[in-house]
């Protein structure tokens, strides 16, 4: 099944609802970063959560950076997402495998840690000062933490479900999630019914493994109730790095630092943390940067 996200309104405009299948892009992140099972699940959930936040809360060319800093063995996780449904990510320690938790599932909270922060920085073209909101982690499972962020930082009552199923060989079998936002004027009856449904809902990974599409996941949540699909959009892992961008970073270094690279290494190599692409700068290119200072 292809990776894509759907946007909808439900219960005659009482809820906004989003669902995404992100299996291929989470597998791509696994391939790029050589993530082990617990790290794959943590990184995958962070990427799916960022996709849902970015596509629901941004417009045009705007983007956001989500940083999760817990006290678990994976260290920090950084994810960039855009309104267009693209995402890229990296993490401090991708080689984390843990025993299964008490429910027999991958221990994402153990990998991320239960103490730490989740921050979201939003940037739009022309913005001089980006907006950043930050909350403490509440569980380290990440779905709860994104839900808490939306309630505390954006004052949007929401429910976020994130799920990644990792195979025994560390490949990603399925990955996806949903985001439901309660809109002003939603009735107590509708909210209570939704809460009951979500408590009984299977894991998103189980629904995806059954072959359910993002539309069918939302139909399962709002079974027998009004649901209007508004948009279907592709999502993908996409890095926008370039040699020009790394050259600007090198140009910001001091003359002494650049000269040291010339004298010791006769050049420089930059590696993108998001995609692993390597960019080589020759001795002549570095000398040009020194001469322009």
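Any Cβ shown, glycine's included, is placed from N, Cα and C.
The secondary structure of residue 241 (disulfide bond), as reduced to three states from DSSP, is coil rather than helix or strand. Sequence-distant neighbours of residue 241 (disulfide bond): residues of the same chain at least 6 apart with a C-beta under 8 Å from its C-beta are 272, 274, 275, 277. For 239-241 (among others), the entry in Swiss-Prot reads disulfide bond.
According to DSSP, residue 272 (disulfide bond) is assigned to coil rather than to any helix or strand. Around residue 272 (disulfide bond), a 10 Å sphere centred on its CB holds 18 further CB atoms from the protein chains shown. Swiss-Prot lists 272-275 (among others) with the feature disulfide bond.
Under 8 Å, Cβ to Cβ, and six or more positions away along its own chain, residue 239 (disulfide bond) finds 88, 272, 274, 275, 277.
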